[in-house]
Amino acid sequence: MSKSKGKASSDNVMVMVRVRPFNKREEQEGATEIIEMDKTLCTVTLHKPTEKGAPSATSDCLPSKKTFTYDAVYPSNSTQVEVFDESVREMIDGCLEGYNATVFAYGQTGSGKTHTMMGQRDNPGMIPLAFQRIFDFIAQAKDDQFLVRASFIEIYNEDIKDLLTGATHLQLKEDPVKGVFIKDLSEHPVSDERHIDKLMQKGNESRAVAATLMNATSSRSHSIFQVILERMTVIDGRECIRVGKLNLVDLAGSERQEKTGATGDRLKEAAKINLSLTTLGCVISKLVEGSKHIPYRDSKLTRLLQDSLGGNSKTLMVVAISPASTNYDETMSTLRYADRAKQIKNKPRINEDPKDAQIREMRNYVSKLEAQLAEIMQQANAGGGDEMEGHAVYDSEGNMNAGFTGYTADEMANVQSLRKNLDKAKKKRVKYVEQKKENEDAVSAEELATLEEEQKKLEEQIRESERKAKERQLMAKKIAALIEANKSKMVDKKVLENEERLKDAAIREARNALVAQKKEAERLKKELIEAEQQRKQLEEQCTTALDQAQQLEMRLNEYKEQLAERREELHNVEADQAKEREIIRNDYADQIKLCELRQFIVSMFVPEKYQRMIEDIAIWDEDNQAWHFKITS
């Protein structure tokens, strides 16, 4: 697939969860239900079972539980049609508009993945319902042309097999334009859902399936049914080709040997399955973490799903889980896996006018063939000399017109003239022979030989004209067959417009309208529930706020009392400090006066010269608080 020209937008991987009903084996094991679903709020609650089984609503002390939120959830009584209309159809419609889309089922072995994706003949799954939707859409798109191709592969023990041709050991290649692709993979043009359904049935018959203790028809491989939709339409007066690639993936389930009882080849298969699923989980984790290196190349599955996980694709993960308490660990692991996956951001964009689109090339080739045929038909005419009408090659039933002889009008007239002359020559010769019998000298040998030579020339000319006409007729039939073969690869809307099918399509459209109404009702119901929850939260917050206000008021009063006490203490301290400052000031003034008096007395009795000498030898003793004199010899 070529790189897309459309503008990419961020789009998270969508995740829906479906729980299957209990089975007889789980009932015999005494398992109890641990799954609780709220379809309106799209939540799955997983209860941790006690030793005796799952918790009951009347238990004095409920065991721990974990609630997950997804894009959609479906309880065990949900139908295939319900799941498709509400969740999967959106992916198919995106593909019809030119986006890449992927729907893949994930879950432990025996959780119902293949039932959801494939279904049964009387209860079709997501893949057959997707086929119906594709051709319903094509039948309604009156002015558009479509080319639909399908391929079907399985990955068994890391070996890629073409389920439609039986070819094995197919190689993965990477191209800057196409991206990752499978070399030599067969692609089969399909014209309606019956045709594509036959391909699916043929592929399923070749798929690796075996019995285990968990599942009597356990898939031992991953399968990918790919549909490539090329659509030629006119947008704003410009002819445009959009190509959508739809991957419908049925993953093999993760297994625990102690539960499945796998041995020998089954055990080897399980090891390969678990390894590829572990790699898939690692890829999802790295994408969520925003890691620079994503290990797509660690398995063929993740490499094929590279666009579907973090790339150019709309992606829906269909998560299948068991309701039984005996599968608690596997179910918890699956739900956590899915919870991480919904955080992956893809960048889907419409694939417009890719270089590898076949529909325009095919249409141009058909037009060239039709021009060649038209040139032949313009020259040619039907038997008896009547000209063919227009450029028609086929009769009203679509078959090659039996009246087409391959002769041009001039050639037909010439052949008719030659045949008349030949008839005359033959009659004349017969007459000569009879005359010769009656009278030996009536006709000379030379005249008879000349007549025979003339007859041979006429016969040769007729044969040459017939040869040219035959060549032209064969060429016209060959070109017509090529036109028919190439047109058969394009979807013929006349085939899709039979009365019974149109009625079924109308029913499906009406069903979709009901689904839209149901979704709107569910949305409004969810908004009401959320509004009620918000109201209760506000009431609780108001009650809590009043209690907090009362507590704050009490604390405020306490703080006020403490503040008053602190202020009084501060006032008393300030008053005491003021008194102390006054005493210190008075003492300081007295000391100044005393110093001045002593200085005056000294100056009166001791000359200034001797004052300096005394000051030079005087030393203050801090410890004894006294002056000493330094005596020098």
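Using N, Cα and C of the backbone, Cβ positions are placed for all residues, glycine too.
Annotated in TrEMBL:
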| type | residues | note |
| --- | --- | --- |
| BINDING | Gly107, Gln108, Thr109, Gly110, Ser111, Gly112, Lys113, Thr114 | ATP binding site |
| COILED | 408-475 | coiled coil |
| COILED | 507-576 | coiled coil |
| DOMAIN | 12-344 | domain 'Kinesin motor' |
Just going by other Cβ atoms within 10 Å, which of the binding-site residues Gly107, Gly112 has the emptiest spot?
Gly112
Given the binding-site residues Thr109, Ser111, Thr114, and counting only Cβ atoms in the protein chains shown, which has the most within 10 Å of its Cβ?
Ser111
In this predicted model, the coiled coil (507-576) has a mean pLDDT of 79
Including all protein chains shown, what's the count of other C-beta atoms within 10 A of the C-beta of Lys113 (ATP binding site)?
26
Would you count the other CB atoms within 10 A of the CB of Gly110 (ATP binding site), including those on all shown protein chains?
27
Around the Cβ of Gln108 (ATP binding site), the count of other Cβ atoms that are within 10 Å
24
